[in-house]
Amino acid sequence: MSSGLWSQEKVTSPYWEERIFYLLLQECSVTDKQTQKLLKVPKGSIGQYIQDRSVGHSRIPSAKGKKNQIGLKILEQPHAVLFVDEKDVVEINEKFTELLLAITNCEERFSLFKNRNRLSKGLQIDVGCPVKVQLRSGEEKFPGVVRFRGPLLAERTVSGIFFGVELLEEGRGQGFTDGVYQGKQLFQCDEDCGVFVALDKLELIEDDDTALESDYAGPGDTMQVELPPLEINSRVSLKVGETIESGTVIFCDVLPGKESLGYFVGVDMDNPIGNWDGRFDGVQLCSFACVESTILLHINDIIPALSESVTQERRPPKLAFMSRGVGDKGSSSHNKPKATGSTSDPGNRNRSELFYTLNGSSVDSQPQSKSKNTWYIDEVAEDPAKSLTEISTDFDRSSPPLQPPPVNSLTTENRFHSLPFSLTKMPNTNGSIGHSPLSLSAQSVMEELNTAPVQESPPLAMPPGNSHGLEVGSLAEVKENPPFYGVIRWIGQPPGLNEVLAGLELEDECAGCTDGTFRGTRYFTCALKKALFVKLKSCRPDSRFASLQPVSNQIERCNSLAFGGYLSEVVEENTPPKMEKEGLEIMIGKKKGIQGHYNSCYLDSTLFCLFAFSSVLDTVLLRPKEKNDVEYYSETQELLRTEIVNPLRIYGYVCATKIMKLRKILEKVEAASGFTSEEKDPEEFLNILFHHILRVEPLLKIRSAGQKVQDCYFYQIFMEKNEKVGVPTIQQLLEWSFINSNLKFAEAPSCLIIQMPRFGKDFKLFKKIFPSLELNITDLLEDTPRQCRICGGLAMYECRECYDDPDISAGKIKQFCKTCNTQVHLHPKRLNHKYNPVSLPKDLPDWDWRHGCIPCQNMELFAVLCIETSHYVAFVKYGKDDSAWLFFDSMADRDGGQNGFNIPQVTPCPEVGEYLKMSLEDLHSLDSRRIQGCARRLLCDAYMCMYQSPTMSLYK
């Protein structure tokens, strides 16, 4: 299909606009008037009829032998004017236009358009109607009530109609809005109980409990539509594959014994298509001279052509509403007559058989070897003669498949966030459908893939200018039929090429694709047969997300239609963390952990550390509200318990929408601001949440000598750098800090959160810190029995000045029994030391501690929060083994560009265990760049280390 004119200039003065709308019946290839490059408008696009002011009508005068053309302003591209042949469009009324415009995927829009019954019922859906909503393909439909019907964004001449639905019963909590869209309250319902959807996600619950047909109706689903019979000798058109063929009506009536199916039409085609002999079930329906170009179709598959009288009128003709393309998808199992090229019963011929018949072959015959169709990929935005494939003139262009290429239908969930790709199927030499022997990447820019060994150091990627704003991480498409969709993983210019390429990662394997290599050089890494390389200028932003307008307010974006595919569950039942193998199976993978959004990594990683595999703070989730608590105490606690912690432990995933709800609550505190948008520190978050909102009993009670007990939730290590120390342990750092500040724990903590010595986020006091798996805090507790550092008896005195003495247990806190203390301080260099008595329980019998019976107070490391370049990630321990470590990043991957979505990921990192077995000397001498996997971040970027008491976790 081609057009006569394409203008990117704003359509104001040259044309009159009328409220008449048309839908394209097939993809249109057009030329940009300014750049002379080829552009495409997909099948299913909707245009508004315009008139040329200068001549009083909208048609380009036809050349000899050519038909008139209709002027359209494409609604999805409001500054574009397109002139198309009348046979390539069908008129639709304004009400249907509004319903269809809300469906952003043109292919799905076209499928719904063909289902007249379903579309007509959409007009009946109004506020108050009971409906069922399909949130995710393959899952149950949730009941609901329509609370809003209308446009979400009234920016065009005509706007798409969306339905705001309040979900009921089991659907409650499965939505993503409370009726607010971009700051406007369009209807009211409880939070997460509402959705905004287009008609294709909706089913009207009728009195007889029969719902609307499915999104892709089978061939029989629309046969009940009553259309008037066509006149004999009238001109008609029909869709064959991707082309429109014309012919003359020679028969129009019901079939004997099939009256309930409505009218069938016999057509004498202009081109040799079909071989119907005028008979059905042994009955001669009509007679004609030639049977080499005749077919029999249901009337719903026929597009009435324009009459001569109508073509002379100013207004373009009103074409038949229903245009069921014979090559389009549909059920192949319905036993209803469609078309036949022989005397066989059309009631026993399926849609695939019909496609064979229309291409001039019997169902059982081999497909034709020649075709006028071109089965290679044209380069988008360039002259069609210059294809992406750069195929030479002697390229063997096999005939197209005689069955339409299957198109992967998009799940509701995929339409929001995943990579719902459709792969173009290419014909094999025998005519069967198969993947292309060379992927688009291979055909577009190179001769052979296997000409050089894989290099590990690829050329540097470059950020070229791109008018479409595409970047690494953007969802992009290469517009073909069906299109290629992918996420851009790399952009740059390989050696020897003058073109800037984009490397896309596909979801489904495609023959000829690689695992991220191109011409033997690796540019990114993905699964085998999923890496596709194309010219960057051939890529466009993913058109399926065109209606998801950029939301300037990223806070409200969590409540927009875009996040519908990322919803997580609500779990009321209190759930302990799953440990060892069970926890590993739940937690690892992509879209696992807590989804990051808009500077939330500090909060995501902190919550994951505290609750994913530890119950030490679970009492925070259970304390009943008291009279002194803030008014939103219960709301916060319930949100944490049922929408964050419990779902994380059962399903391993929490969406950003839930975290944004918590961030909004944090901003209610007078002392807090910026929690919904700004980068924050974990300690600031913990202080607001624990102290101001939940009023958690302080985790730590610390006393400085002779002072009152100080309450806090975490401990920040302050100290001067010791150049003699290469790699300190957490044990050493904590003891140094307590000794230098003369501090003691007033009581043993159940949870100890230690903040590493830093100056701000960036400057680290030590290049590496060894996270002690076990922390002995016995010597840091007051009123606790302690062992003599020399004899092991009950210590009575402690000397801070002996701490650095290398002759006595270097690097250890020094406390001695009465006898050993006297002996130690007889040495000349210790004569002037000032030692202090150790505080002991008043009722402690001295004899109980004489023979090494003094217990130790140990704490276990359960999580480490790390930071690098202002981005927080987490390491958590899921089991007893030293290698039982998981790494969590709430923004590990990206689905789309600036207005895309973060994909959280949890990955096992058993290599951590091997490094924690190394000596401190070996770790110190080890180049950080040689540390494998995630272990480098654990050893080099630790920000907070979290310990729990194995015996006291139930009490605090």
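Including glycine, each Cβ sits where the backbone N, Cα and C put it.
What Swiss-Prot lists as active site, nucleophile is C601. DSSP assigns C601 (active site, nucleophile) to a helix in the three-state reduction. All protein chains considered, the CB of C601 (active site, nucleophile) has 25 other CB atoms within 10 Å.
If you draw a 10 Å sphere around the CB of H871 (active site, proton acceptor), it holds 18 other CB atoms from the protein chains shown. If you look up Swiss-Prot, you'll see H871 marked as active site, proton acceptor, on the strength of a curator's inference.
According to its DSSP assignment, C817 (Zn(2+) 1 binding site) is coil. The feature Zn(2+) 1 binding site is assigned by Swiss-Prot to C788, C791, C817, C820.
Feature annotation from Swiss-Prot assigns domain 'CAP-Gly 1' to 153-198. The average pLDDT computed over the domain 'CAP-Gly 1' (153-198) stands at 83.
Among the features that Swiss-Prot reports, domain 'CAP-Gly 2' is placed at 253-286.
Here Swiss-Prot flags S387 (among others) as phosphoserine, drawing on a large-scale study or a structure entry.
According to Swiss-Prot, the phosphoserine annotation covers S418 (among others).
Marked as phosphoserine by Swiss-Prot: S422 (among others).
The feature region 'Interaction with TRIP' is assigned by Swiss-Prot to 106-593.
Annotation comment: Swiss-Prot describes 309-353 (among others) as region 'Disordered'.
According to Swiss-Prot, the region 'Disordered' annotation covers 392-411 (among others).
Here Swiss-Prot flags 394-469 as region 'Interaction with TRAF2'.
The region 'Interaction with IKBKG/NEMO' annotation in Swiss-Prot covers 470-554 and rests on experimental evidence.
Look at Swiss-Prot and you will find 781-833 tagged as region 'B-box'.
For C601 (active site, nucleophile), the nearest of the recorded positions by C-alpha distance turns out to be H871; the candidates were C788, C817, C820, H871.
Counting other Cβ atoms within 10 Å of each Cβ, the lowest count among the binding-site residues C788, C791, C817, C820 belongs to C791.
The two recorded residues H871 (active site, proton acceptor) and C788 (Zn(2+) 1 binding site) have their Cα atoms spaced 44 Å from each other. Within 8 Å of the Cβ centroid of the Zn(2+) 1 site, not counting the listed residues C788, C791, C817, C820, the chain contributes R789, I790, G792, G793, L794, A795, F816, K818, T819, N821.
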